[in-house]
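Colleague: Below you'll find the structure I mean.
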Amino acid sequence: MKVSSIVLLIQSSILLIVLLCNPVESSSGDRSSIFRHCINKCFKGCHLDKYPGKLPIYLTLFWWDCSDECKYQCMHNITQNDVRNNQPVKQYYGKWPFVRFLGIQEPASVLFSIFNAIGHLLGWRMLRSSVPNTDYSMYPVWKANLVVSLNAWFWSTVFHARDLNWTEKMDYFCATSLVMFSFFACMLRFIGLENKWSCFLIGLLLCSIYCTHVFYLGFIHFDYGYNMKFNVTIGIINLISWLSWCLNYYKQQPYVWKCAFVSSGVFFLLGLELGDFPPILWTFDAHSLWHLGTSPLCYFWYSFVVDDAKYQLSMQKKRRKSG
């Protein structure tokens, strides 16, 4: 089965799971009495054949309905009043108030997610033009990594364009797949693809962990705290693994600094998530800046992959000559 077919099968399975999930998150803003009063008053106009009962097509194209429109308008009316009275900005349904653009809920995060996807495409183009795929054993691994990465950034774009229950879950689950595949690639680089049985067992173990994680969140209980801890744990393990590999080989392969730089950069950029703040200009929040920060790292990552491929190919030639 081709890599793209496997990813499509996994993606379809995940989508089926997330459609059965129910949202559970709320925040102080949407729990406030003034917000509840505002939306209940607005809901009374949802049966009308005019606004808010009838919305412009650019909103309905992004699945906005009267209920969503009432929540959006009430959120911003209350937020503007809070700012005028020097009151702290509150979150609503787990998110800060963003000003949408033509129905796109978080335009900055959408744009920066696309930047990351483009970064991977340009990096893959650089690898293809620099390394012959017939001789490089890790080529299928990096091709699969490209597919997983593009899939993750696609769902990040969709989720930030419109925050719905199923788009949120797809974004979360596909982001987890991105980190776990990076760890899998690191393990393959450690042990070598010639050890096929070990590679298979590691892949089977990681796939089992991932599927169990998705099954628990999808069918048993979607726990935001658990999901965050799981991803942070996997991220730290991934970071330590790649840095350990770099430490082992930096003398023979000085280019590994690029791998260490990217791995460390991604980890330190996560600090933006910890320092969450209301969006600047109601557009740029910590999460969007995290996406902006990761996009240029794609160049350094694929530059490392190209250098590593050339090194592996040169070692293969030396072994052939000595053999």
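Here the Cβ of each residue, glycine as well, is placed from N, Cα and C on the backbone.
Note that the structure is a prediction, hence the values are computed from the model and not measured.
From TrEMBL, for reference:
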- 1-26: signal peptide (SIGNAL)
- 108-127: transmembrane segment (TRANSMEM)
- 139-158: transmembrane segment (TRANSMEM)
- 170-192: transmembrane segment (TRANSMEM)
- 199-222: transmembrane segment (TRANSMEM)
- 228-248: transmembrane segment (TRANSMEM)
- 255-272: transmembrane segment (TRANSMEM)
- 292-311: transmembrane segment (TRANSMEM)
Colleague: Would you kindly list the residues that approach the transmembrane segment (170-192) from elsewhere in its chain, counting only those six or more residues past its ends and only Cβ-Cβ distances under 8 Å?
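Modeller: Long-range Cβ neighbours of the transmembrane segment (170-192): 10-11, 14-15, 18, 138, 141-142, 144-145, 148-149, 151-152, 154-156, 158-160, 198-199, 202-203, 206, 209-210, 213-214, 217, 227, 230-231, 234-235, 237-238, 241-242, 245, 308.
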Colleague: How about long-range neighbours of the transmembrane segment (108-127): same chain, 6 or more residues beyond its ends, C-beta under 8 Å?
Modeller: 142-143, 146, 149-150, 153-154, 156-157, 160-161, 279, 283-285, 287-288, 291-292, 294-299, 301-303, 305-306, 309
Colleague: Can you name the far-off residues of the same chain, 6+ from the ends of the transmembrane segment (255-272), with a Cβ under 8 Å from a Cβ of it?
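Modeller: Answer is 232, 235-236, 238-239, 242-243, 245-246, 249, 286-287, 289-290, 293-294, 297, 300-301, 303-304, 307-308, 311.
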